[in-house]
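Peer 1: Questions regarding the structure given below will be posed in turn.
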Amino acid sequence: MSDTPASTFGGRRAVPPNNSNAAEVDLPTEELQGLVPRGVNLKDYLNVTAVHLFKERWDSNKIDHHTDKYDNNKLIVRRGQTFYIQIDFNRPYDPRKDLFRVEYVIGRYPQENKGTYIPVPVVKELQSGKWGAKVIMNEDRSVRLSVQSSPECIVGKFRMYVAVWTPYGILRTRRDPETDTYILFNPWCEEDAVYLDDEKEREEYVLNDIGVIFYGDFKDIKSRSWSYGQFEDGILDTCLYVMDKAEMDLSGRGNPIKVSRVGSAMVNAKDDEGVLVGSWDNVYAYGIPPSAWTGSVDILLEYRSSETPVRYGQCWVFAGVFNTFLRCLGIPARVITNYFSAHDNDANLQMDIFLEEDGNVSSKLTKDSVWNYHCWNEAWMTRPDLPVGFGGWQAVDSTPQENSDGMYRCGPASVQAVKHGHVCFQFDAPFVFAEVNSDLVYITAKQDGTHVVEAVDATHIGKLIVTKQIGGDGMQDITDTYKFQEGQEEERLALETALMYGAKKTLNTEGVVKSRSDVTMNFDVENAVLGKDFKVTITFQNNSSNLYTILAYLSGNITFYTGVSKKEFKKESFEETLDPFSSKKKEVLVRAGEYMSHLLEQGFLHFFVTARINESRDVLAKQKSIILTIPKITIKVRGAAMVGSDMVVTVEFTNPLKETLQNVWIHLDGPGVMRPKRKVFREIRPNTTVQWEEVCRPWVSGHRKLIASMTSDSLRHVYGELDLQIQRRPTM
């Protein structure tokens, strides 16, 4: 086959872009050199009669390549590792006089130098890192080959041909979709850029199709299961379609750096008709609220079938879908949650909270926001484009926050580089550094236009960074992979390095902060249950021999989890007198009627307490977010939990509120157990229970989960889950 196909494109670009896995052109079945003499029948020479790929789930190809979980009847292998095929001929193969080779082709304009046309020669011995095919069996009319792919091979769906040489040219098999072969990244191959040397980590970060995503508040961490479903029917093709939709050149699809960067742009629909439309305004017309999704499968399959972005997602939904994309293609990946995450538009390492002179927060001047939590992903890969030591986990974020090189995407940024302040290395390291390292600065805006720094909290941002633990549903603290402990010499050095490499710090807060006040203030919020009253307790402590009078303000706000306030539902001011070396508590009652009618998606309430000491004019400020405790869905099963056996799943929910829930949707999902399903209830009256039954037939054994969510006009973020142990069907 010629290295460059004929093209009508002229000028500097003689070959059109090859950016679609789905687009294809058939290779010719004959490539003859000159005329074939009369009486010569090319079928008398060696001809292929059948090709066997050993592509069933129980065949060694899929088991050895850890692809037996994919619900896909094509051959799926991982690059850099041998697999087996068998070719049947019309007569016995004689290696002394017969010559043939296997060919793999991807895209519409295949070229050998681009890796889109791969001729695989038959060799005596396979060489590490190179394509080759070795005959391991030659019996009767059948030849079995051990085929080795390159560990740098393009990742995608290849078309396969077998070419046989005759004295008059090449004979080639016809295009046969049954021989199509998917080639994926290979974390089990030491020469692959995504190689991960720990089997338990590979089991978790590549093969686990159910995860746990953490959300809530630093003081009230909550978790929810998420069905990644990377092995479900149609998901692999959808992930390839996502790259096609991005018009990503096929030659770059073997590079995990490029694939993850394209994925971070394409999972959101901000500027490229990607997978998910983001919405943070609590209005979800013509779509599904973010909290209703139970996993990635419904989202990706809807995107593929409609070829339009799916509505709606927020950070944990973007992260869940992106995790599916990465794991499906073979890139080790995990979802990360950063508590108190700075959304720093200009990456100046500073979140400014402006106060008026009386101590109230100035909503007019305060533009920065601190997200209660933010989810992104980490992908494991080498970084040959960076200095040694910056490979490993890379932060990648598909939530559309800021523009990077003209598109809404973020990463991959080396986590190790972020920790040490080396923000000069691509991609988007300054933004990630700011998310976990910014200072929270309280500034009084004087009437004369001057600003006075009242306090700096250097420990609030990036308070805790977590992910799911390996082999369990618990939480693993990975904060120390992103930052050194506050006060360590290494932490100061990392900040200085970041500033040297271009990170900005608007205000020099060193030495500007006022001296420590004689009075300290703290406040606590008791466990708040949705629909119930609760108390906020503020404590003042006078550590001096002076008498002080205090004017304090409490502001309660309904907030998005992004820290943006929607509605102030509680405002109270009070005065307290503090005797020397004394403490005093103030209790404020918050009634359910004050907040219920204003609630948003996740039930976040944010309290801000400021106090001014009249005698010293010192300002004290504290803030705290809470998430209301929300009722759960109950899931029960009856029947044998066995592959191929019917099992009845019952979903049950009781409305604990005093109001009727309208337009209720319940979503149910369980990878390997049942396909995602939805059920609508027109209403659920107060203290009324609804039930929904579905019959399913599991097809995957081992530990499985059923995951349910409920959403309505006035109540969302309701979840439930059930762990299952699905037994194998006994062999007869």
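Counting begins at 1 with the first residue displayed.
Quick reminder: no glycine exception, Cβ is built from N, Cα and C everywhere.
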Peer 1: Could you check Swiss-Prot and say which of Asn18, Asn360, Asn543, Asn614 is marked as N-linked glycosylation site?
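Peer 2: The N-linked glycosylation site feature in Swiss-Prot corresponds to Asn614.
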Peer 1: Region 'Disordered' per Swiss-Prot sits at which of 1-26, 53-78?
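Peer 2: Within the set 1-26, 53-78, Swiss-Prot attaches region 'Disordered' to 1-26.
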Peer 1: Around the recorded Ca(2+) site, report the further residues of that chain (criterion: Cβ within 8 Å of the mean position of the Cβ atoms of Asn437, Asp439, Glu486, Glu491; site residues excluded), sequence-ordered.
Peer 2: Ala458, Thr459, Ile461, Gly462, Lys483, Leu495
Peer 1: Going by DSSP, give the three-state secondary structure for Asp439 (Ca(2+) binding site).
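Peer 2: Strand, per DSSP.
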Peer 1: Can you tell me which of the recorded positions Cys315, His374, Asp397, Asn614 is spatially closest to Asp439 (Ca(2+) binding site)? Compare CA atoms only.
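Peer 2: Nearest candidate: His374.
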Peer 1: Which of these recorded positions has the least crowded Cβ, counting other Cβ atoms within 10 Å: Asp397, Asp439, Glu486?
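Peer 2: Per-residue Cβ counts within 10 Å for the recorded positions Asp397, Asp439, Glu486 bottom out at Glu486.
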Peer 1: Compared by Cα position, which of the recorded positions His374, Glu486, Glu491, Asn614 is the closest one to Cys315 (active site)?
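Peer 2: Comparing Cα positions, the candidate nearest Cys315 (active site) turns out to be His374.
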Peer 1: Between Asn437 (Ca(2+) binding site) and His374 (active site), what C-alpha distance do you get in Å?
Peer 2: 14
Peer 1: Of all the recorded positions given, Asn437, Asn614, which has the fewest Cβ neighbours within 10 Å once its own Cβ is left out?
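Peer 2: With the recorded positions Asn437, Asn614, fewest surrounding Cβ atoms within 10 Å: Asn614.
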Peer 1: Between Asn614 (N-linked glycosylation site) and Glu486 (Ca(2+) binding site), what is the CA-CA distance rounded to a whole number of Å?
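Peer 2: Between the alpha carbons of Asn614 (N-linked glycosylation site) and Glu486 (Ca(2+) binding site) there are 33 Å.
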Peer 1: Find the shortest Cα-Cα separation between Asp397 (active site) and the recorded positions His374, Glu486, Glu491, and name the residue that gives it.
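Peer 2: Nearest in space to Asp397 (active site), counting only the recorded positions, is His374.
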